[in-house]
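Trainee: Handing you a structure now.
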Amino acid sequence: MEDKKYIQGHLFAMATIFLWGTTFISTKILLREFQPIEILFFRFLLGFLVLIVIYPKRLKTRGWKEEKYFIAAGLCGITLYYLFENIALTYTMASNVGVIISVSPFFTALLARIVTGEKALGKRFFLGFFLAMCGICLITFGGNTALHLSPKGDLLAVLAAFVWAAYSMLTKKIGSFGHNIIQATRRCFAWGLLFMSPVLLFTDFSLETKRFLEPLNMGNLLFLGIGASAICFVTWNTAVKRLGAVKTTVYIYMVPVVTIITSVLILGEVLTVKALAGAFLTIAGLFLSVEKKKKRADCDLLTEVFPKSDIMGSESK
């Protein structure tokens, strides 16, 4: 029975990473007919509704001392992060965004040092960070015109990674409150949707039904809302429960690889040897920086490395 659960844990982790690795592709496809803010709003509105159906019980916080963290998390992790990410996809390649976003653990570690005064970062961290930055430079500036690279889009992706680092710090605190995983994630979704609302007023936001009825658009919206936003964190946290945080988190390094492969196969993007070398350096840097974490720091490692709202699951149990 234990062996069966162990195997299932690996399958859950692989399936989750595969889905998250392809979200950049779905967004890129939807950007042909939807604005970034529209994709963002409809995705999380659908995810929010699905979470209500799954677990309708209302979350009761302990007043402002807890609610302020949910507010900040909704702003950083839902509104700003995905807005930066979606806009970045209008300027640069999906493969670029996928790899650059994976650097967010480094920003998380730096913020943890600055904000909470955690112990000084070791040589392994800085060596890993250097390798990852070299990789990003290769991806951003090492290609030819066939890659259609854009420093503006790549910079937005870096900003998204930094904002996610701030969100990771907030969810570490939220995880200590002991709330249900679904309720906590849903509350962040709610605040994120609220912060999006004013932005909608200054855009050409439209509810035109024709776009939604097109099979390709409908399929990608359902995938982002139900699959990537509402369901994936359940499978991820199941994997964490069965494998442990460290073994499960290792799978996150496959996200850029999945993104690059699907970008080539689905979007027809062209990648050079330099771009692939950059992806390799980025992933190698991430491995180097977190390889020797202590077991007692498993929860912190999951929070730092995992770039989706689902990180709350392992900490709130």
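Backbone N, Cα and C atoms are what each Cβ position is placed from, and that goes for glycine too.
Sharing the feature lines straight out of TrEMBL:
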DOMAIN    9-140  domain 'EamA'
DOMAIN    152-289  domain 'EamA'
TRANSMEM  12-31  transmembrane segment
TRANSMEM  37-56  transmembrane segment
TRANSMEM  68-84  transmembrane segment
TRANSMEM  90-112  transmembrane segment
TRANSMEM  124-143  transmembrane segment
TRANSMEM  149-167  transmembrane segment
TRANSMEM  188-207  transmembrane segment
TRANSMEM  219-238  transmembrane segment
TRANSMEM  250-267  transmembrane segment
TRANSMEM  273-290  transmembrane segment
Trainee: Looking only at residues six or more beyond either end of the transmembrane segment (149-167), which have a C-beta under 8 A from one in the stretch?
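Mentor: Sequence-distant neighbours of the transmembrane segment (149-167): 72-73, 76-77, 80-82, 84-85, 87-93, 96-97, 100-105, 107-108, 110-111, 136, 139-141, 143, 307, 309.
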Trainee: Count up the helix, strand and coil residues in the domain 'EamA' (152-289) according to DSSP, in that order.
Mentor: 119 helix, 0 strand, 19 coil
Trainee: What is the pLDDT of the domain 'EamA' (9-140) when averaged and given as a whole number?
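Mentor: Averaged over the domain 'EamA' (9-140), the predicted model reaches a pLDDT of 83.
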Trainee: For the domain 'EamA' (9-140), how many residues does DSSP put in helix, in strand and in coil?
Mentor: 107 helix, 0 strand, 25 coil
